[in-house]
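Engineer: There's a structure below that I have some questions on.
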Amino acid sequence: MTSSGAFMGMLVLGLVMTSLAGQSYGELEYEYYKDKCSVIAEDQKTGLLSGLLSPLLPGLFSSPPRKELVDVEDIVAQEVKKAFIYDNSIVAALLRLQFHDCFVNGCDASILLEVKNSEKDAIPNKSVRGYELIDIIKARLENTCPGVVSCADIIAMATRDAISLATPYTGNRFSVQTGRKDGFESIGTNALTELPPPTISMQDSINLFSRKGLTITDMVYLLGGHTVGVTHCAFIEDRLYNYSSTRKPDPNMDINLLQTLQSRCPQGLRSNNTIDLDQGPSSSLKVDNSYYNQLLSNKGILQVDQDLASSGLTNTTVEAIAKSSYEEFNRNFAEAIVKLQAVGVLTGTQGQIRSSCRAVNAYKPSL
């Protein structure tokens, strides 16, 4: 790509912030934390002793120490970047954490709670990761401005930052809305009924997303998060050896892909090998639209992925996304993420700001 072309691409992607700022979901806001977190300015800290002495020496020290605002979103971005440099699979981890939280009881950080029979303990969430990073971010924010930033918002901001680091044009963050509160409950059985299994039919998947206020197009884009995802052999074994109880492989799967997967997942050996859902040699760790092109070539790994391309309900959308530019895909993917992050949110007097993301505060405010 020429330098002018690259510049235009970055400019278009940068407009995501402007285009998303024109929409609002519930009581969430853009730049919600802009003026809500402050600390004593560095050049004022030497005067703290004076402040302590002021009651003893009235009139000598009359001005309170000056404070300066802290960029909450920048703190989140710093920690996500550290994690990304150490292990770039954190992108997939946070995308999955966000999705699994929002689809069960809304985006209320209930997946983070450690209580008996919690969402975290449910079978679909056993392989969810990213909890430690959320803890690190929360601890830093609590140390800076305690009781201000919710765990639910940390998940949303961290997911956005991870996506931005994995896009073809890095350094262009889209805006996310904040102002969420954290929930009080985490019920494991809800995860079993609300999270889509890998074998879900396309119509059932559409119905499930619709119940969350998400359209078919939203669903197709959000499943595009699989471009940085992985799965385990157990979830694709039927497609490789016993498709629809025929004791044969899925006849529609690309033969070269089939042979590759069978070598990675030998029949009857219960291999725990991980398989990239995006088989592109240079795209499995990037958030881009290459995943959709692979679906059109019958190279989908999960059944639900391949069904996106084969179902008459979604195939035209898949074709359109596959043909789109990186900039257009990233913009539309960002819009779908923002809509996902608005599902079932608690705002205002609802919920609470947890001191620890793993436990509710002892006091519940009356609603």
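Every residue gets a Cβ built from N, Cα and C, even glycine.
Predicted automatically and left uncurated, TrEMBL annotations should be read as such.
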Engineer: Out of ASP218, ASP288, which one does TrEMBL list together with THR227, ASP278 for Ca(2+) 2?
Structural biologist: ASP288
Engineer: Going by TrEMBL, ASP101, VAL104, GLY106, ASP108, SER110 bind Ca(2+) 1; tell me which of GLU79, GLU119 is listed for that site too.
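Structural biologist: The record-listed residue among the candidates is GLU119.
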Engineer: By Cβ count within 10 Å, point out the most packed of the recorded positions listed: HIS100, HIS226.
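Structural biologist: Of the recorded positions HIS100, HIS226, the most buried by Cβ count within 10 Å is HIS226.
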Engineer: Validating a neighbour-count step here. Other CB atoms within 10 A of the CB of CYS151 (disulfide bond): how many?
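Structural biologist: So the number of other Cβ atoms within 10 Å of CYS151 (disulfide bond) is 30.
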Engineer: Going by Cα-Cα distance, pick out whichever of the recorded positions CYS151, PRO196, HIS226, CYS265 is nearest to ASP278 (Ca(2+) 2 binding site).
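Structural biologist: So, spelling it out, the nearest of the recorded positions is HIS226.
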Engineer: What whole-number Å value do you get for the CA-CA distance of THR227 (Ca(2+) 2 binding site) and HIS100 (active site, proton acceptor)?
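Structural biologist: Each residue's Cα considered, THR227 (Ca(2+) 2 binding site) and HIS100 (active site, proton acceptor) end up 17 Å apart.
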Engineer: Using the CB centroid of THR227, ASP278, ASP288 as the Ca(2+) 2 site centre, which other residues of the same chain sit with their CB within 8 A?
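Structural biologist: Those within range, site residues removed, are GLY224, HIS226, VAL228, GLY280, SER283, SER284, LYS286, VAL287, ASN289, SER290, TYR291.
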